[in-house]
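> Copied straight from TrEMBL:
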| type | residues | note |
| --- | --- | --- |
| BINDING | Asn57, Asp88, Ser109, Arg110, Gly119, Gln120, Gln121, Gly122, Ile123, Gly124, Ile125, Ser126, Lys632 | ATP binding site |
| COILED | 642-669 | coiled coil |
| DOMAIN | 42-192 | domain 'Histidine kinase/HSP90-like ATPase' |
Amino acid sequence: MSSFQSQLGEEEGIADELAEGQREISIAEFFEKNKHMLGFDSGARGLVTAVKEAVDNALDACEEAGIRPDIYVEIREVGDYYRLVVEDNGPGITKEQLPKVFGKLLYGSRFHAREQSRGQQGIGISAAVLYSQLTSGKPAKITSRPKGDAQAQYFELIIDTDTNEPEIKADEPTSWDRSHGTRIEIEMEANMRARAQLHDYIKHTAVVNPHARLELREPGSDEPLKFERGTDQLPAETEEIRPHPHGVELGTLIKMLEATESYSVSGFLQEEFTRVGKKTADKVCAGFRDRHFGRAMGWSAGPDADLEAALTEAVSNKGADATGFFAEEVTGTLAERDLTAHHELVEVVDNVADATEDEYGVTFGTTVRENAVEAAWAELTGFDPDEELDRLSSDLYAVVDEATSTRKDDATKHGVAERLARRVAAGDERHRATQRTLRAWVDEAAADTEEYDDATFGETARENVVDVLWSRMRTVPDDLPKVREVAADRDSASALLEGMRETDILAPPTDCLAPITDELVEAGLKKEFDADFYAAATRDADVHGGDPFIVEAGIAYGGELGSEGQVELLRFANRVPLVYQRGACATTDVVKSIGWRNYGLDQPGGSGMPNGPAVIMIHVASTNVPFTSESKDALANIPAIEDEIELAVREAARELKSYLNKRRSLQKRRQKQDVLGRILPEMADKVAEVTGRDRPNIDGAMARIMNNVSIERERDGDLVRLVIENHSDRTEEPDVTDIVSAEPSDLPDDATVVDLDGEWFVKWSPSIPGGEEATLEYAVDEDAEFDVNVDGVEAEKLTVNA
Ligand SMILES: Nc1ncnc2c1ncn2[C@@H]1O[C@H](COP(=O)(O)OP(=O)(O)OP(=O)(O)O)[C@@H](O)[C@H]1O
């Protein structure tokens, strides 16, 4: 115990003294102390984060307004500080909103929206303003012109860290050459040590946002870095959605129950969640009902039950005829039924009582009906307690017998059935139980049997008994509690949540997400990396925490990519490149956990980051990306998302594997052809020498030995003949282009000719089954020259002699 602690309680007033030291901490004050949480831990990093926050906002705002983004970023050294300017052509911000957007932390338009956007928390840009004022002491200068406004508005502001409110230093109309948009200018302590990360951020933003135009001017470089628009097509517009039932947690569900205007649970489900219509709501309600009320066990009217006598005795003063009719009808109806649960018995008794009233003009009041139900239920389950146990345990024996393998001996099954019967009889008098209670009863009965009867009744047998029993139990018809009651009772809410999770529900709609799409992932990689091979995969949407997400992956391999060291991993979340904290990111963990040797990449020790000339790209798009911290550098380890990342990467990796396998076999083929090319002429010479005959013609031998496709040109005056022989065993469809220096004529119907500046391109695409040949014939001047080009057959499988 420290000396200070030892004084506690001894000296009066210490608590009061401590209380004096307690005070509320403002949000702005908190972030002022914890800048690193927001990505402002150093001058180098702070500058990249400020650029990222401003550019992400500009892209979000433009896309939301359906405007093709045109974004200008300028970094300049001004005295001891760096000045950052970011300008966009977005919709602008109104005069009323602007001070809050930039001068108040945790103020934004996206926190409550279930829609894919770069911004999520409403901290980003105001944190940049805070960082700038803390390091340079200067206010942020903001100009904004909402679309349609005649003038722009100019503000200078700082954040009051005590109150987390903007303090406006200047507020005046100004002229601006942009017809709409926002310009932010902040000065801060910074340096350009993170230039590589800054470039990565801008470059990779351009890769996944081909609809945007970006320009970066920076100190130490005269030429701006410009990324022109690759497409005029804006990403698909996203729609806001309601949460998905499979993703919400109990606390959120209770909050939603408290806030809804719906009265019934079914209405609440349909109103507040996506993908829930009447049918799905009914299914969820059935699951909820089973958990809330439990199900009811039913029993058969066994041979020793004397229902008729018991019913007759229960009904008095109704006259012999009416009583006789009633008792006989109820007995008859129950005898026809396989099993009858308590509520079903009530229904049968009610129906027959109504019919008796009609038929005999007597009244069957509530008490009579209740007496009849009680008497019949006692008969169904066995009247006195001893008999009851007998009756129930013989019925339950049948259940245990059905649920267990033939190897279980009868004594064990009887032991479990009897003990189970005792618990059922001691439970709810209508023999209702939830699946959880049932499981507990079966466990206890099995454990007792194991202990006292020296038998085994393991996990599988117990589960099977619960399953068989549960499936023969009846769902009860009681009215479900109303929303208000469920909201007030944690157990009910939890039962509802379980019902929601257990029901099969369509995946959430994806129009709230704008994936890049596999085509554009591949195109983006091609634009940025000069490789030999590209593959991409976009998965279907899945749900986490009520938010849908889509994972995409791409791989580029070979070509100009550096073959030394580890592969490069590009990470994106909602189209924003993640440039820091690679080691703490779920994407990295997943890539490391994959056995890359299986896909043809080198991986020392069989795990960890693979080596080789490859780039792996991963994009996670979600209405709520789970980052590890507010600075949004890395994705948290959420199993559902990690699974999808793995599947997407593996999908692309499978293509890489088949490409590499093919490349390897083509390499072998090339080596074989090289050897053949050397020894065939030598063999021909040797044969001629040994046999004393002419040197055999070896034209075409190589193609035949290698099962290649060969193309030969024959000339006969004006006549040109291209003969393609397919020595392989599968159909080949080569695209042949014969480039001719004079105008050809007499072309067959299946060939076309295009004149391009004095060169004629004869195009022909035959389909040639394995082992067959095809011929193209046409006429051209005798002196013409040719250059043939064949596509659609790998170079290694082609022998051109034309
Ligand atoms: N350039 C801009 N044009 C139009 N609106 C903007 C612009 N920049 C910010 N906003 C508005 O200001 C809000 C606050 O921005 P801020 O960067 O603080 O948070 P955010 O982008 O919502 O979330 P995050 O903290 O995750 O970045 C945004 O939600 C948006 O409505």
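Each residue, glycine too, has its Cβ placed from N, Cα and C.
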> Look up Ser109 (ATP binding site) in the DSSP assignment and report helix, strand or coil.
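Ser109 (ATP binding site) sits in coil per DSSP, no helix or strand.
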> Enumerate same-chain residues with a sequence separation of six or more from Gly119 (ATP binding site) and a Cβ-Cβ distance below 8 A; give 'none' if the list is empty.
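The answer is Asp56, Asn57, Asp60, Gly108, Ser109, Arg110.
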> Taking every residue in the domain 'Histidine kinase/HSP90-like ATPase' (42-192), what is their average pLDDT?
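Residues in the domain 'Histidine kinase/HSP90-like ATPase' (42-192) carry a mean pLDDT of 92 in this prediction.
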> Below 8 Å Cβ to Cβ and six or more residues apart, same chain only. Which residues does that give for Ile125 (ATP binding site)?
Glu53, Ala54, Asn57, Val101, Phe102, Ile184
> Taking every protein chain in this structure into account, which of the binding-site residues Asn57, Ser109, Gln121 has the most other Cβ atoms within 10 Å of its Cβ?
Asn57
> Same-chain residues six or more away whose CB lies under 8 A from the CB of Lys632 (ATP binding site)?
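Non-local contacts for Lys632 (ATP binding site): Gly39, Gln120, Ala573, Val576, Leu578, Val625.
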> Using Cβ atoms only, which residues of the same chain lie under 8 Å from Ile123 (ATP binding site) while being at least 6 residues apart in sequence?
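The answer is Phe31, Leu38, Leu105, Leu106, Gly108, Glu630.
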